[in-house]
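Enquirer: My questions all concern the structure below.
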Amino acid sequence: MLATTHMLYVLIATCVIPIFGAALSKTVLYQAPDECRWSGGGEHDITLVCHLRTINSELENTNFSVIQPQNTVRLRLECNDALFFQSSLSPDSFRSLVELRDLTIEYCKLGNLTDGSFRGLQELRNLTIRTHNGDWSTMSLEMASNSFVEFRQLERLDLSLNNIWLIPDGMVCPLKSLQHLNASYNKIQDISNFYFSASLSSRKARVCGSTLQSLDLSANKMVSLPTAMLSALGRLTHLNMAKNSMSFLADRAFEGLLSLRVVDLSANRLTSLPPELFAETKQLQEIYLRNNSINVLAPGIFGELAELLVLDLASNELNSQWINAATFVGLKRLMMLDLSANKISRLEAHIFRPLASLQILKLEDNYIDQLPGGIFADLTNLHTLILSRNRISVIEQRTLQGLKNLLVLSLDFNRISRMDQRSLVNCSQLQDLHLNDNKLQAVPEALAHVQLLKTLDVGENMISQIENTSITQLESLYGLRMTENSLTHIRRGVFDRMSSLQILNLSQNKLKSIEAGSLQRNSQLQAIRLDGNQLKSIAGLFTELPNLVWLNISGNRLEKFDYSHIPIGLQWLDVRANRITQLGNYFEIESELSLSTFDASYNLLTEITASSIPNSVEVLYLNDNQISKIQPYTFFKKPNLTRVDLVRNRLTTLEPNALRLSPIAEDREIPEFYIGHNAYECDCNLDWLQKVNRESRTQPQLMDLDQIHCRLAYARGSSHVSLIEAKSDDFLCKYASHCFALCHCCDFQACDCKMECPDRCSCYHDQSWTSNVVDCSRASYEQTLPSHIPMDSTQLYLDGNNFRELQSHAFIGRKRLKVLHLNHSRIEVLHNRTFYGLLELEVLQLQSNQLKALNGNEFQGLDNLQELYLQHNAIATIDTLTFTHLYHLKILRLDHNAITSFAVWNFLPSYLNELRLASNPWTCSCEFIDKLRDYINRHEYVVDKLKMKCDVISGNSTQQMVIYPGSGEPASLPVVQCSQTLPLGLDNNFNYAEQAGGENASNATSTKMILNQPPKLDYIPILVAILTAFIFVMICISLVFIFRQEMRVWCHSRFGVRLFYNAQKDVDKNEREKLFDAFVSYSSKDELFVNEELAPMLEMGEHRYKLCLHQRDFPVGGYLPETIVQAIDSSRRTIMVVSENFIKSEWCRFEFKSAHQSVLRDRRRRLIVIVLGEVPQKELDPDLRLYLKTNTYLQWGDKLFWQKLRFALPDVSSSQRSNVAGQSCHVPINHASYHHHHHVHQQAMPLPHSVHHHQQQFMLPPPPQQPGSFRRQPSLHQQQQQQQQIRGNNNTTQQQQQQQAALLMGGGSVGGPAPQMIPLAGGIQQQSLPLPPNQQPTPASRNLHM
């Protein structure tokens, strides 16, 4: 047993220890320094990447010895390219990395490489040093001749982007295994130091570069290539010397390059080529000479290059004298010839005869005006012929003879006015034909011979109609481009045989009409451009195109638009710059559409609703319209929204639910809305917008909120402010009269809770009626105050009138008044208790009047007054009790009056923040001045103390003296300096009596001054207590009476108790036996509010009510009046959702109105009215006005809306609270008996559908059946499958994207990578040149625009 256990332990140790050791060794082996990380795939393809600031600079020293040498095979060092500090490599820097095979140094600003910089790297195979020293124009990389002496096995050396000026002698000679050398993008002028010349090498007994296979010297400063300069490179296959400044090549510059296959001399300054240049390079396969100035070609210069496949002579100055039959003799294997952008004006008839293998011929951008007959007859393998941008005017019958394998023919940007009918007879394989930008007046009949044609471009011609049948027979045509012609009418049948057509571009024509059904046979169409025409209607054009995903009809004259005009699979739609006034949705199919990008900008839209916008939309442009109203919940249930643009419209206000979104998941970005550049009014309905970006995830992110400016409905200063800078009490609405819902005396003249604006005044309120501003400024009131000043006024402006005097208790009852302006009103007298009852008054402005005295009781009761302005009056006397009870006074202005003496130190509050006393004729009595100065010294809030002066009367003259001089500042007037007897500067004959009053002592007391007078008691304390208690009791009784409804609602919502509720009176005998708790009557346009807000809260809340919704639960086809009567009889309450939509739609229908009136005339107590949004009173029906007066009236958005609604509804039983909403609908409706009526469009359109809230519905007593038919709609899952199938069919390959770009974006041949199709407001643009979204539409450019 013990032996068995021992063996088991040994076995476990044998298995576990190697595994643990391997894991541990791998962890230890692949440890990287702090600045480095390992990257790559397998164990044998791993690279150590180090991100350094610099190497051995003044900032830091770099120690590469910390890198593990045994596992580091590949090392990449990247310095910070933002730091301009020089790096350096010290000798033996990499000596420890003996296994290193690949070393890359990038962005390290090395100035030199010393002899021992790379000592020890004997196994290195690849070395890349790119310092990017070109970032420093004065810094270059200098190398020692022995810098690379260690690299005996180096195969690849990259020294590009180092700003190298000079190569050390024989630098690469020690590199016996070097195969690839890249020294591009430097400043090298002379390559003789490379010792690549056999003659120089033999002279110095050194042979260098014999193993090189590729040499890249492009983008340097070489000006010439002498004879045999590269003759030692016998194995060289690729030579790149492009982008230099070479203007001279020696006759035998390529001597010794026997293995050369590819030579690139593009972008130099060559004007000619030596005749013997290619004498020893007979293996050449590719020659690139484009972008030079070659104007001479020696005859037969290419004659011995039998292996040549590619010859690129584009962008030179060759003319017809040097491009002739002798030029291409011997090039029997040439496959691509590029002669574009030269000066060729004519071609010999047999010029291309030696080129039997030619496949691609480019002759664009020359001066060719005619093509000899049969010129291409020997090019039987040619598949691409580019003749764009020449001067060809006619294509004759034999011009294209022999091109039986031609696939692409580009003749665009010529002067072609005629093509022979048989000119394309021999081009039967042609697939892409470009004839745009010519002078064709009709579609060429020659097209009848190219039945395999896939793309045809005849844009930018003068074609006015499609008459011949040549184009109608192109059954394989994939894309047709006819933009910028003169087409005026498209008749039905023109495109019928083009069954493969997927892209159609008819933009920028003069089309006024397209016959309905013209495209019904082209079911494969995916993209259509009709922008820039004169179409007035698109009805019947696109409904039969199930695969259409892209449609541009902008810049036309459309006045009507309906979603029934487009297929449900359309994903991108542009209708901007038309005359559309409404986004119609007659069949209510917004939930079935697939639109993701929709541009309806620059139209005449005035209103948008939820049905105006498809539910699938992601990007929506509605800018530059005339939109003045956005219906509530317009953007609700649009889950894919990412951006909405509403700038430059006519919006003046937005209610909170106008931008309401469905709740957004936390992992999704909130949609971005742009709503700026509208004439907003900062009224009471817009205060919510200021903080919308701080709301929950049911409101969008307003990206331009800080740029929104609005006009204040009421402003006593600037009327335009930035929205985010507006104060909360700036958001006001104007009103003439208003009566609160709980006010019961509105029909009587004397009604305190009725807000009625006085004559000649303007009145404003905020959303919650917290602010109530009454402005009667300069209203020409004489002697008396305006009548009926609202009791709830918070700001009252009466300035600029003529009142003379204000009676006692003039403002009694205005207990909420905070600001009162009475300035500039010629007031002479304030009676006692003038402002009594203004318990909340904070600001009182009485300046610039004619007050002469304050007798003590004028401001009694203003316990909360904070600011009192009395300047610029004629006040001479002030009673000592005037200000003593103003405990919260902060600002008091008494300047510019007639006060001579007032003991401010005894009778002013000590908690002031600002006091002004200047410009009064203060007495210079030393007793007064000493106390006044002491008061000023102790209180900093006397802000005008330096301006205070007193008057000294001496004889017939009055002298002013400074009371409180500034420190260190000379006074312009003498300063009062009191001694024990006289003020300083006055003689002993000065009469103090004269100082007080006049010329003699008898007048000395003429100015009234009451000092230290004992306070008067106006009321007996007991009487005050009794009166206070009585007032308190009366206020409590009044509050209970006024707010009795709120109290009942609160008690019901909190405790379930109904106060003052007579069960015998309020409950019908059979009420509890009724099937439903409430029948909800509403407009179909408000269905979203009912289904998403009202019904879920009532049916699924704590008290689960059973509701009957007519849009959901009524049998389709039933007789509506009788059905409504039965629904109301079966319900304990009737909820009527009154909105502008309800008034303009359902209530105006005779049957609906009659049914409601007949049932509700005697049952008004059972009716609950919910007002949704603003309902214009003038448009209300008289019956509705009566309903609103006599029934429970709830405003959506009220803070206690749900509590009041539940209070108005009957109580539900406890058993019902636990039931699931809707389970009382026992009898399911027989859907087979449904009947549905529509005036169907001439094309069959899918009927709208909605997802039912309940799976079961109740059955009302059967109404009279109407004949008709009902078509059950597909489920949501089926719709998603259909949309996915449509999207799947629209997937295109890269080749199709190339064709789309050419057909939709511009004319010309297709070359290079396909531009990506990017849907923007202006159409699909090239990704490299995107247009700004929603720019003013302009005619499409020929190349960049679609």
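Sequential numbering from 1, following the chain as shown.
Using N, Cα and C of the backbone, Cβ positions are placed for all residues, glycine too.
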Enquirer: In Swiss-Prot, which of these is labelled N-linked glycosylation site: ASN832, ASN1003?
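Expert: Checked Swiss-Prot: the N-linked glycosylation site annotation sits on ASN832.
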Enquirer: Among CYS682, CYS684, CYS739, which cysteine does Swiss-Prot link to CYS710 through a disulfide?
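Expert: According to the record, the bonded cysteine is CYS682.
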Enquirer: Give me the Cα-Cα distance between ASN182 (N-linked glycosylation site) and ASN126 (N-linked glycosylation site), rounded to a whole Å.
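Expert: One finds 12 Å between the Cα atoms of these residues.
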Enquirer: If you count other CB atoms within 10 A of each CB, which of CYS682, CYS757, CYS763, CYS776, CYS924 wins among these disulfide-bonded residues?
Expert: CYS682
Enquirer: Starting from the Cβ of ASN63 (N-linked glycosylation site), draw a 10 Å sphere and report how many other Cβ atoms land inside it.
Expert: 11
Enquirer: Could you please provide the mean pLDDT value for the repeat 'LRR 29' (912-938)?
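Expert: The average pLDDT of the model in the repeat 'LRR 29' (912-938) works out to 89.
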Enquirer: Count, for each of the disulfide-bonded residues CYS710, CYS761, CYS950, the other C-beta atoms lying within 10 angstroms of its own C-beta, and report the residue with the smallest count.
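Expert: CYS761, out of the disulfide-bonded residues CYS710, CYS761, CYS950, has the fewest neighbouring Cβ atoms within 10 Å.
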Enquirer: Near CYS682 (disulfide bond) in space, meaning Cα within 10 angstroms, which of the recorded positions do we find among ASN112, ASN126, ASN552, CYS733?
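Expert: Candidates kept after distance check: CYS733.
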Enquirer: Per DSSP, how many helix, strand and coil residues does the repeat 'LRR 19' (546-568) have?
Expert: 3 helix, 5 strand, 15 coil
Enquirer: Looking only at ASN426, ASN956, which of these glycosylation sites has the biggest number of Cβ atoms within 10 Å around its Cβ?
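Expert: Output for this query is ASN426.
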Enquirer: So of ASN112, ASN552, which of the glycosylation sites has the fewest other Cβ atoms within 10 Å around its own Cβ?
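Expert: Each of the glycosylation sites ASN112, ASN552 was scored by Cβ atoms within 10 Å; lowest is ASN112.
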Enquirer: For the glycosylation sites ASN291, ASN640, which one has the sparsest Cβ surroundings, going by other Cβ atoms within 10 Å?
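Expert: Looking at the glycosylation sites ASN291, ASN640, the Cβ with the fewest others within 10 Å is that of ASN640.
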Enquirer: Spatial neighbours of CYS776 (disulfide bond) among the recorded positions ASN640, CYS763, CYS924, defined as Cα within 10 A: which are they?
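Expert: Checking each Cα against CYS776 (disulfide bond), the hits are CYS763.
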Enquirer: Counting other Cβ atoms within 10 Å of each residue's Cβ, which of the disulfide-bonded residues CYS684, CYS733 comes out lowest?
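Expert: Candidates: the disulfide-bonded residues CYS684, CYS733. Fewest Cβ atoms within 10 Å: CYS733.
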